[in-house]
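S.K.: Annotations per TrEMBL:
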SIGNAL    1-21  signal peptide
BINDING   115, 123, 124, 125, 126, 493, 494  FAD binding site
DOMAIN    284-298  domain 'Glucose-methanol-choline oxidoreductase N-terminal'
ACT_SITE  494  active site, proton donor
ACT_SITE  538  active site, proton acceptor
């Protein structure tokens with residue numbers, strides 16, 4: 001299997017082969033194959049792609065991977081890291097949230113990928129694992145300590161490959177602050193320089209690590225399905241085909257689900273495919289509960305309300321959604337913007353995969369914990385998974401005459417839901433992110449603004465920053481600040497938890513510790529929906545490691 005590659009400014013990746021074994025562009029072509037499959041995987045994102053690649057390493061396993069969207073290949077805006085903001089809506093589901101009560105009833109467009117590679121084909125390519133506490137929490141929630149930072153760490157190593165940045169530049173000095181004038185990190189008492197964000201202790205000022213290799217995006221479609229993986233005779237990839245329902249076997253006394261109903265995106269033709277061993281759902285935090293609910297797996301009363309026949313009462317399907325909310329603060333400064341000559345930069349990228357388009361324009365991030373004596377902790381229990389988990393992430397988006405920083409809350413207490421509006425499985429889900437529905441989150445974002453202010457008030461910025469433009473939690477009336485935050489806040493697109501793991505035998509949750517759907521035989525879930533709480537990180541690394549271990553769990557069963 002081609003390794004996902006990651007670190008620092010760029011990560012080398014195995015480029016996808018142009019010669020494929022069986023990559024089918026449409027459902028109609030599946031009929032001509034006429035094969036049976038041991039494993040059928042629904043969703044070609046990080047989870048599905050990783051499991052498909054790992055299972056098909058065994059030539060005895062015949063694997064079908066079904067993706068609703070088209071191929072990622074040949075799409076320049078996907079391949080070029082610096083163009084990721086230009087990716088066409090063709091490659092997105094086009095979700096819009098329900099009106100968010102906590103954001104003054106604003107509805108937010110929500111970008112979820114519909115393309116091979118899933119969100120790894122259109123995200124910002126930031127690679128952060130989160131804290132060791134995040135993964136230990138998986139074990140606590142599931143009462144299965146085989147889910148932990150220690151046990152998962154080898155899977156991180158299996159999934160990654162450390163390589164130099166584009167152009168062959170020696171980046172070894174980039175790790176040492178004395179050679180890079182990171183003065184404020186040396187002087188700040190709150191945010192210190194952190195040599196490696198992915199050590200399990202992410203707090204501090206860190207150099208960005210990215211899923212970029214050879215100057216190109218290294219998505220799951222490239223990193224785990226690239227090279228010769230697609231040429232394996234026991235792997236079939238079916239594109240432009242949407243799963244609408246999973247169906248129970250009529251021959252089994254126990255609820256046994258290994259069949260999926262699928263529809264061609266272009267023609268609307270339907271068929272079913274049955275796995276001999278397991279059906280694996282990897283539709284993501286929105287797609288997986290949407291599919292399960294449309295199949296009659298969820299809260300029986302809620303399903304009856306939309307005229308969907310319940311086949312299995314599992315109330316927590318679609319519940320427990322958590323996500324990262326962020327807002328922006330800014331300063332005036334004595335800086336100058338030096339715009340990139342995009343035409344020249346693209347020519348350089350095409351010529352030798354070097355230049356400014358080989359990165360996303362952000363080189364460092366900051367992670368910080370809210371001070372323990374902050375007033376909000378007198379009213380609310382700290383939701384962080386442990387002492388290694390930061391509460392706040394700060395991304396400096398632009399530097400020039402105006403400095404703009406995005407302040408994100410990594411440890412929200414608010415929870416949302418994914419529901420269905422009708423019994424038509426092609427209708428989009430009702431996505432309620434539940435932003436700021438818990439009072440802790442607004443108070444924590446205020447503390448995040450204060451942390452960011454203190455950073456830029458450091459002596460390293462004297463003579464450069466000329467003023468704080470706000471919104472300022474220390475000078476604005478409370479209602480005015482709150483309204484400014486609510487009017488400008490937006491998502492970082494990190495939803496998890498809508499089909500969460502829980503202890504074996506527990507009535508709550510959706511999956512057991514082996515990621516099997518509770519009360520159902522033959523059906524597993526491998527994607528971000530299984531993660532119980534949003535990690536203190538950009539979520540792709542967590543999904544990769546979940547899928548790596550899931551692959552071993554599945555192999556061990558067969």
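Glycine is treated like the rest: Cβ placed from N, Cα and C.
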S.K.: In the same chain, which residue numbers or ranges, 6 or more beyond the ends of the domain 'Glucose-methanol-choline oxidoreductase N-terminal' (284-298), come under 8 angstroms Cβ to Cβ?
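M.R.: Those are 42-43, 45, 47, 93, 95, 110, 112, 118-119, 243-247, 257, 308-315, 317-318, 321, 418-420, 423, 425, 429, 431, 495-499, 510, 517, 520, 525, 527-529, in sequence order.
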S.K.: Cα-Cα, whole number of Å: residue 126 (FAD binding site) versus the residue listed as 'active site, proton acceptor'?
M.R.: 7
S.K.: 10 Å Cβ neighbour count around residue 538 (active site, proton acceptor)?
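M.R.: By my count, 23.
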S.K.: Given the binding-site residues 115, 123, 124, 126, 493, which one is most crowded in terms of C-beta atoms within 10 angstroms?
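M.R.: The most densely surrounded of these binding-site residues is 115.
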S.K.: Take the Cβ of residue 125 (FAD binding site) and count every other Cβ within 10 Å, whichever protein chain it belongs to.
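M.R.: Result for residue 125 (FAD binding site): 23 neighbouring Cβ atoms inside 10 Å.
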S.K.: Write down the Cα-Cα distance for residue 538 (active site, proton acceptor) and residue 493 (FAD binding site), rounded and given in Å.
M.R.: 9
S.K.: What Cα-Cα separation, expressed in whole Å, is found between residue 115 (FAD binding site) and the residue listed as 'active site, proton acceptor'?
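M.R.: It is 19 Å, counting Cα to Cα.
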S.K.: Compute the C-alpha separation of residue 125 (FAD binding site) from residue 538 (active site, proton acceptor), stating it in Å without decimals.
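M.R.: So the alpha carbons of residue 125 (FAD binding site) and residue 538 (active site, proton acceptor) sit roughly 9 Å from each other.
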S.K.: Roughly how many Å separate the Cα of residue 123 (FAD binding site) from that of residue 538 (active site, proton acceptor), to the nearest whole number?
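M.R.: Per the Cα atoms, residue 123 (FAD binding site) and residue 538 (active site, proton acceptor) stand 10 Å apart.
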S.K.: Looking at FAD and its recorded binding residues 115, 123, 124, 125, 126, 493, 494, figure out the farthest C-alpha pair and report it in angstrom, whole number.
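M.R.: Of all Cα pairs among the recorded FAD binders, the widest measures 19 Å.
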S.K.: For the domain 'Glucose-methanol-choline oxidoreductase N-terminal' (284-298), would you mind checking the mean pLDDT of the predicted model?
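M.R.: Across the domain 'Glucose-methanol-choline oxidoreductase N-terminal' (284-298), the average pLDDT comes out at 98.
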S.K.: Cβ distance under 8 Å to residue 494 (FAD binding site), same chain, sequence separation 6 or more: which residues?
M.R.: 323, 324, 534, 538, 539
S.K.: Do you know the DSSP helix, strand and coil residue counts for the domain 'Glucose-methanol-choline oxidoreductase N-terminal' (284-298)?
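M.R.: Its residues fall into 11 helix, 2 strand, 2 coil.
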